[in-house]
Amino acid sequence: MAVRELCFPRQRQVLFLFLFWGVSLAGSGFGRYSVTEETEKGSFVVNLAKDLGLAEGELAARGTRVVSDDNKQYLLLDSHTGNLLTNEKLDREKLCGPKEPCMLYFQILMDDPFQIYRAELRVRDINDHAPVFQDKETVLKISENTAEGTAFRLERAQDPDGGLNGIQNYTISPNSFFHINISGGDEGMIYPELVLDKALDREEQGELSLTLTALDGGSPSRSGTSTVRIVVLDVNDNAPQFAQALYETQAPENSPIGFLIVKVWAEDVDSGVNAEVSYSFFDASENIRTTFQINPFSGEIFLRELLDYELVNSYKINIQAMDGGGLSARCRVLVEVLDTNDNPPELIVSSFSNSVAENSPETPLAVFKINDRDSGENGKMVCYIQENLPFLLKPSVENFYILITEGALDREIRAEYNITITVTDLGTPRLKTEHNITVLVSDVNDNAPAFTQTSYTLFVRENNSPALHIGSVSATDRDSGTNAQVTYSLLPPQDPHLPLASLVSINADNGHLFALRSLDYEALQAFEFRVGATDRGSPALSREALVRVLVLDANDNSPFVLYPLQNGSAPCTELVPRAAEPGYLVTKVVAVDGDSGQNAWLSYQLLKATEPGLFGVWAHNGEVRTARLLSERDAAKHRLVVLVKDNGEPPRSATATLHLLLVDGFSQPYLPLPEAAPAQAQAEADLLTVYLVVALASVSSLFLLSVLLFVAVRLCRRSRAASVGRCSVPEGPFPGHLVDVRGAETLSQSYQYEVCLTGGPGTSEFKFLKPVISDIQAQGPGRKGEENSTFRNSFGFNIQ
């Protein structure tokens, strides 16, 4: 059966017309091999590696396989040795029948690169069949007046073997009336003819029995016999005559059993028994006798067995008509079997790989062959796959197709494809065959890990415990398997002074970040670093993200009082004039807090006072002011305890103790800088010496009285100075800009210092006093000098 295949592109369809055996995809030659039939399974045919000129082991490395046209595995390839072996006993007669030579066509498929080699195997015949006559006895009715030399064709014997192993000669048993003549027939066949050598005489011998022997040409020769019985008849001078020498008819292959194929008819002009014609098959094969039957009286030929166009597409039937007198005639009936679309297309997969790397464009996945046993339009096929798939069907040779990837695949978009290969014929009705294959896309490392965020901000409260989990980073990889396994690491910091290795660590498997030591907000408020995420593919891909760590302040620092100093030294007394108005600024408590935010928000509160209600502390700036007018009944000395508290949780606090002294006639003295006071005191001492000399000269007349009076006055004034607390206010202005500090936690106005002296060798300390106000600045130098002189003289000593 000749199969033509038509394929043309339509969407994903591939249609191709095979008009002849094409050229191999690899441009290879045509291999011809042979083997004797009936050889045992596993018999050696050829070494393909040597025959194809391939290196040892190349057949196995390239996945070489053998594919037969009818998908039957007659041959087996040992890819390691390269030997091509028979996979079963080959019977030439079953494979090819009488056809000679008997050829089996197959293909050799190899990958990397893909190649197809066409080859054929000839099955050589052996003489394993003896000739066989279909009829064990043949009856010939011969009239006694038959002329000498008349030939009577006999039915030939059947021998499945071919060539020299087929029938080569016929013989007849010895007799005095007949001999055998060999005549040629169609398709190179020989037929025996029985030739009359001597006239018959019915009255002398009415019947003869001869043995016909058929001999083949094998070695040793095989033979078969049949009996020829000759009946001598009276004279019958007219033989039957067929209306046609050749009857041609057609029968669809799906015709039912009993279907009338054709009716033959022969006429005999004799009369009586000599005119009675009977019909029979003549020299018919076993296949014809089992497929058809003939009515011996009417000449009607009926279908005895279903037809199959794909097995036999035509029959040649020899019909013999014989009259009652033994005369016969022959005709031939040619039956053409009409093909119907009763065979769906066949799809035979020769090789298939269910996995393909995602970065492998135009990679062969499957090699398959399509076939339709029908003919004509019924045998034309359309082959296609679904639309919108990244695959192509590429036609090869001899009905072969290759399924390849159209381009690079992306496993992250789609990891599995279910492909349906559909083969449809063009018959009516159309028949189709579907073959489903599943292709898995294997992963390659083409995606770097991706962090869930480009930057991370982590918060950790100071004074944390070491190894505290402070946060995590996370990265995902769209690949799979080891290509998606992510390892985290710390990258070298951009700031070379940042001791990152001693601050944080990262879990390489899950990205958890840990603080290695306790953090101190006051030392390090924030820092940043980069983390890397690397997969385990080859080559490895990585990506990095920025991590910012903000240290949150904890209330771990208590307020610290800057003024007045609380260092355990002798307390410094603040002077408050009794004439001060309500709200008069006595002093200011200055404190700071090492924390930040609300932990450093300070508030002030008067905790204890000698006389409650006399003084008040402003909560937000620590200023100590008078709450009411002072009176003579108020005590001269006062002790205040001020509580300084931050706004943390829990709050921390500190206390400051203030000593206040209420004085009369004290306005707003200026205090010089502590370091300037000794020089000015020295100048005043020198001036006092001059005054003393002048005084002594002026009162020389009153020497004794003056001395006594002077000593008495000095002693009196020293006693008064001791009762004031031995505090002296140096003369001279104090530069306000040196202590003008802005801010909620420090001084907001200009203050002066006060030097406090003890009764010892002269150790002193300084502290802030009341602000310098404008009425003091309005006083002239003379007034200041007078007041300072008065102040010095009233206390009775100079500051050194």
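Quick reminder: no glycine exception, Cβ is built from N, Cα and C everywhere.
Feature annotation from Swiss-Prot assigns signal peptide to 1-26; the stated evidence is experimental evidence.
The topological domain 'Extracellular' feature in Swiss-Prot is assigned to 27-692; the stated evidence is sequence analysis.
Annotation source Swiss-Prot lists domain 'Cadherin 1' at 35-133, citing sequence analysis.
When pLDDT is averaged over the domain 'Cadherin 2' (138-242), the result is 88. Marked as domain 'Cadherin 2' by Swiss-Prot: 138-242.
Marked as N-linked glycosylation site by Swiss-Prot on the basis of sequence analysis: N169 (among others). There are 16 other CB atoms within 10 A of the CB of N169 (N-linked glycosylation site), with all protein chains counted.
Taken from Swiss-Prot, the feature N-linked glycosylation site applies to N181 (among others), supported by sequence analysis. DSSP classifies N181 (N-linked glycosylation site) as strand under the three-state reduction.
Taken from Swiss-Prot, the feature domain 'Cadherin 3' covers 247-347, and the record attributes it to sequence analysis.
The domain 'Cadherin 4' annotation in Swiss-Prot covers 352-451.
Among the features that Swiss-Prot reports, N-linked glycosylation site is placed at N418 (among others). The Cβ of N418 (N-linked glycosylation site) lies under 8 Å from the Cβ of N436, I437, T438, each on the same chain and at least six residues away in sequence. Classification of N418 (N-linked glycosylation site) by DSSP places it within a strand.
In the three-state DSSP scheme, N436 (N-linked glycosylation site) falls into the strand class. Other C-beta atoms found within 10 angstroms of the C-beta of N436 (N-linked glycosylation site) number 9, with every protein chain shown included. Residues annotated as N-linked glycosylation site in Swiss-Prot, with sequence analysis given as evidence: N436 (among others).
Annotation source Swiss-Prot lists domain 'Cadherin 5' at 456-561, citing sequence analysis. Across the domain 'Cadherin 5' (456-561), DSSP assigns 8 helix, 48 strand, 50 coil.
Look at Swiss-Prot and you will find N567 (among others) tagged as N-linked glycosylation site. Around the Cβ of N567 (N-linked glycosylation site), 7 further Cβ atoms fall within 10 Å across all displayed protein chains.
The domain 'Cadherin 6' annotation in Swiss-Prot covers 568-671 and rests on sequence analysis. Across the domain 'Cadherin 6' (568-671), DSSP assigns 4 helix, 46 strand, 54 coil.
The annotation transmembrane segment is assigned in Swiss-Prot to 693-713.
The feature topological domain 'Cytoplasmic' is assigned by Swiss-Prot to 714-800, with sequence analysis given as support.
When Cβ atoms from all protein chains are considered, those within 10 Å of N181 (N-linked glycosylation site) total 15, not counting its own. Recorded residues N169 (N-linked glycosylation site) and N567 (N-linked glycosylation site) have their alpha carbons 146 Å apart, per Cα-Cα distance.
Across the domain 'Cadherin 1' (35-133), DSSP classifies residues as 14 helix, 37 strand, 48 coil.
A coil conformation is recorded for N567 (N-linked glycosylation site) in the three-state DSSP classification, outside any helix or strand.
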